[in-house]
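Before any comments, here is the structure.
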Amino acid sequence: MYSTKCTNFFLEIIFYVIFCTLFLLVLEKMSKLLSWIVIVCLFVFAISSKCSAQNYGINVPITGSMDVVLANSTQDQIGLTSTLCIYYPKAADTEIADPEWKATVTQLLLTKGWPTTSVYLNEYQDLVTFSNDPKLYCDYNIVLAHYTNDVALDISELAEFLLYEWLCNPMDVTLYYYQQTSEPNKWIAMGTNCTIKVCPLNTQTLGIGCQTTNTDTFEILTMSEKLAIIDVVDGVNHKVDYTVATCKINNCIRLNPRENVAIIQVGGPEVLDISENPMVIPKVSRMTRMNWKKWWQVFYTIVDYINTIITTMSKRSRSLDVSSYYYRV
């Protein structure tokens, strides 16, 4: 008979064999499970990255054997999410003489992707009136300015006025002297009749080439204008004189370009390129010219090229709820 020690030895061998077998089985199962988990994670990661991929090209053609150019299907339809204002002079409505012409224009713009509820045709009396109180409330604003010899300068200053944001404060010339401190610092005069006179002062507040007590000796900068952007020598105090009853003048700082505004000059020998004005920095390209024919032809052309015009602009991105001294024009 086997001894007790021998029996225990065999039992220990059987126990370790069973234990090792079970351990190997569990280890094999766990390794398979971990492998499956790793494989599934890699598969899900690879698939999700492809699904969320975005084609950032704009109207990029697909080259190869295809015969057509396919536009990017993710490109936004601007007209569906934006508002468009077109400002036109009263003379246009008078010439067209059709009570339904606005409806016709909006229906034509619908064919270009602009819903009738997103388009507003706003009339202004003349450039002078419009420049004194421009209301540019849409995401995209297009101003039609009819060129005539007597309003050439008005268009030029209106363009500079509208294509930039201005931070302005009213000037009290009866109490204070004023100076311009930098290139963006201008004085803007608006009203029915603005004649601006100035007398530059030295460090002792004595007039340079003029008498501070005699406005007849002041230098005349503007004469009977409705809108004037005034530039004087920086860093020099000036005594200013103007007719308060028919004009108001503000001390302004030119800020960022108003990229949601474009001006179309209708008629004239050539477009008034305000970017050539040394007062205008940086250069702008949102002003163009259209041949003058009839107002119906003007609006047909606007409709035909509306989306091309919009591409030169940027949608309004900031609120109009600002202080009364901040002219978002």
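Positions of Cβ are set from backbone N, Cα and C atoms, glycine also.
As annotated by Swiss-Prot, signal peptide applies to 1-53.
Residues or ranges marked as N-linked glycosylation site in Swiss-Prot (evidence: sequence analysis): ASN72 (among others).
The disulfide bond feature in Swiss-Prot is assigned to CYS85-CYS138 (among others). Secondary structure at CYS138 (disulfide bond), as computed by DSSP, is coil. Neighbours of CYS138 (disulfide bond), defined as other CB atoms within 10 A of its CB across all chains, total 21.
Taken from Swiss-Prot, the feature Ca(2+) 1 binding site covers ASP98, GLY209, THR217, GLU219. Taking Cβ-Cβ distances under 8 Å and a sequence separation of 6 or more, the neighbours of ASP98 (Ca(2+) 1 binding site) in its chain are THR104.
Per Swiss-Prot, the feature disulfide bond maps to CYS168-CYS252 (among others); the stated evidence is sequence analysis. Annotation note: CYS252 (disulfide bond) sits in a strand segment as assigned by DSSP.
Following the DSSP three-state reduction, the secondary structure of GLN180 (Ca(2+) 2 binding site) is strand. The local packing around GLN180 (Ca(2+) 2 binding site), expressed as other Cβ atoms within 10 Å of its Cβ over all shown chains, amounts to 20. Positions annotated as Ca(2+) 2 binding site by Swiss-Prot: GLN180, ASP231, VAL232, ASP234, ASP304.
The Cβ neighbour count for ASN193 (N-linked glycosylation site), using a 10 Å radius and every protein chain shown, is 13. Per Swiss-Prot, the feature N-linked glycosylation site maps to ASN193 (among others); the stated evidence is sequence analysis.
For CYS194-CYS247 (among others), the entry in Swiss-Prot reads disulfide bond. Neighbour count (other Cβ atoms within 10 Å of the Cβ, all protein chains): 20 for CYS247 (disulfide bond). DSSP assigns CYS247 (disulfide bond) to a strand in the three-state reduction.
Under the heading disulfide bond, Swiss-Prot lists CYS199-CYS210 (among others), citing sequence analysis as support. Under the DSSP three-state reduction, CYS210 (disulfide bond) is assigned to coil, being neither helix nor strand.
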Within 10 Å of CYS210 (disulfide bond) (Cα-Cα), which of the recorded positions CYS85, THR217, GLU219, VAL232, CYS247, ASP304? THR217, GLU219
Compared by Cα position, which of the recorded positions CYS138, ASN193, CYS194, THR217, CYS252 is the closest one to ASP231 (Ca(2+) 2 binding site)? CYS252
Determine, using Cα-Cα distances only, which of these recorded positions is closest to GLU219 (Ca(2+) 1 binding site): CYS85, CYS199, VAL232, CYS247, CYS252. CYS199
Sort the recorded positions ASN193, THR217, CYS247 by C-alpha distance from CYS199 (disulfide bond) and give me just the closest. THR217
Per DSSP (three-state), VAL232 (Ca(2+) 2 binding site) is coil
In whole Å, how far does the CA atom of CYS168 (disulfide bond) lie from that of VAL232 (Ca(2+) 2 binding site)? 17
Alpha-carbon distance [GLN180 (Ca(2+) 2 binding site); CYS247 (disulfide bond)] in Å: 20
